[in-house]
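The structure under discussion appears below in the form of structure tokens.
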Amino acid sequence: VHTSVVSASCCGFNLLLLYCFPLAERKPPLFNMNAMSALYHIAQNESPTLQSSEWTDYFRNFVDSCLQKIPQDRPHSDDLLQHAFVQRERPDTVLIDLILRTKDAVRELDNLQYRKMKKILFQEAHNGPATESQEGDEEPEHGAGRTGTVNSVGSNQSIPSMSISASSQSSSVNSLPDAADDKSELDLMQGDDTVMSNSSVIHLKPVRPQVQAHNHPSEPQAAPAQPPQRKHRNREHFATIRTASLVTRQMQEHEQDSELREQMSGYKRMRRQHQKHLMALENKLKAEMDEHRLRLDKELETQRNSFAAEIEKLVKKHQAAMEKDAKSFANDEKKFQQHIQVQQKKELSSFIESQKREYKLRKEQLKEELNENQSTPKKEKQEWLSKQKENFQHFQAEEEANLLRRQRQYLELECRRFKRRILIARHNVEQDLVREELNKRQTQKDLEHAMLLRHHESMQELEVRQLGTIHKMRTELIRLQHQTELTNQLEYNKRRERELRRKHVMEVRQQPKSLKSKELQIKKQFQDTCKIQTRQYKALRNHLLETTPKSDHKAVLKRLKEEQTRKLAILAEQYDHSINDMLSTQALRLDEAQEEECQVLKMQLQQELELLNAYQSKIKMQTDAQHDRERKELEQRVSLRRALLEQKIEEEMLALQNERSERIRSLLERQAREIEAFDSESMRLGFSNMVCHDNYSFFYRYIKQKKK
């Protein structure tokens, strides 16, 4: 039981909520949306809320809590029963207030219809004789008939009917006056201007033509087929002066043509401006590219000049070092020779001293030998001693000569060896200097190649950025062009539709004269009915005033007045229904033809719009294809330039390597020739290669002493 009660309560609150929102907003949520679109909208968006600010916070909170999107967040029926909106105190006179408000609304509607009928009766009382004379005329003017028809339709639209039956019966005809309302008012104003214009012109002539002009205010437009007498009369009365309606129509046509020409000239001017902007951008980017390329070339040239200066400075430094080493080697050779000579002098001095000691010792020994042999004569002793001394001196002289010869040979040999060492040392220095120069050139070439690659990447980035800028501007200009074309097409469509509506309004205004006569007949019948009701009301009022006490006269008059107002309102609705039925019946065939023309025009304009969209899509696809082609061409150019640059770098590196090998080979060959020539000269001088190559000890000792 509790479950059923809860279910019933939930259903009751759902029904209550189902009617709360439409009653508050005068329409349900998402009323103007397609059913499927509304379902998608409900699933993808938040719950609807009350838009008006006149409702209380209790009611807003109650509706919002019931419209929670997630079912688990919605309140239970018990919670809703405890809500402040349900629990709050309400006055007991709600229904009575609602009834009174409805009665006031109905009374206001009746008063509105009553004022409308009073206005019609007042017009009949004011223009009654003129209307009868127009109805009695055999050939009424078309302009007057059209004006009356439009006035009747305009009166139906200016006083809206609040009755459901009246609105439902007049719905099929209201579309025609709505569409023609603005144009009808404009044409009425043009008609009045025509009369005023003709009146102002004909004032210069006698009275009779002036009356004729008033009777035919828009005859040149309404009746194309005119008798010759009428044309002749128009030529007599200022045929060169056109009517205001004709002038206005020609001005409108001229304005339309001017608007079309201005639109086309604006479109052409926009295209020229777009081309000018694109050319200006291309020239600007080209100048930027030239400036960037010039800056890179200048940077590369500066680096090359700096490298050339460094190489020249290094070559001069090497030449100075070689000259300095040559002088140093010559001084070292002299010092080395002097050092050996000093050593040899010391050796010679010590050798001579030792010979002197040996000679003295030998002399002593010879004397002792002579003293031991007493039998030998003294003269023989002297001769033998002299001979021994001479032999010993000769031996010492030979020994000294041998020592001098050995010293001379040793000096020549060591000097030759020293020269060979100096030659080899000079060759090593030359090799080191050449390697240093070649390594410097290799480093400079690597730096130059790195700069070339960096310049290539910089140019590539600039080209890609500039191409992207051009593509972006071109895309934006095409978008603006397509937007302008679409706007112009939509304006053209609106102008065609507006011209068609104007044509339809003119067709409606040029309907048969029976439309006006029937309308006047219905209006006269209505006026007669109103007169009859007025007379009956007066008779009934007099009768009731005579039969009722004087104290009740006021209430009786009030009741009669309300009854009269209500009946006149009913007559007004009947009048509206009659007029609308007559208009709908007469305009049915015209509506069908106009509807067909509207459909044909819509199809034509839709086809033109589709053609424009297809053309714009084609242009956009062509532009995208052009952009892709330009990007591919740029990539190909960059790839080709990179390949050529890498090939150039490889060729330069190969040439540098060949130059390095050639210089080292030529240097080694020259040094080998110098060594060979030196060794050949040594052989010619009597020195053996083995002797010249051996015995480095003295050379190293000399070098160590020199360093110390």
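In case you wondered, yes, glycine gets a Cβ from its N, Cα and C as well.
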Stretch carrying coiled coil according to TrEMBL (options 239-270, 271-302, 431-462, 623-654): 271-302
Annotated range (TrEMBL: region 'Disordered') out of 72-94, 210-232, 532-554: 210-232
Annotated stretch (coiled coil, per TrEMBL) among the listed ranges 349-376, 489-516: 349-376
Mean predicted confidence [pLDDT] for the coiled coil (271-302): 94
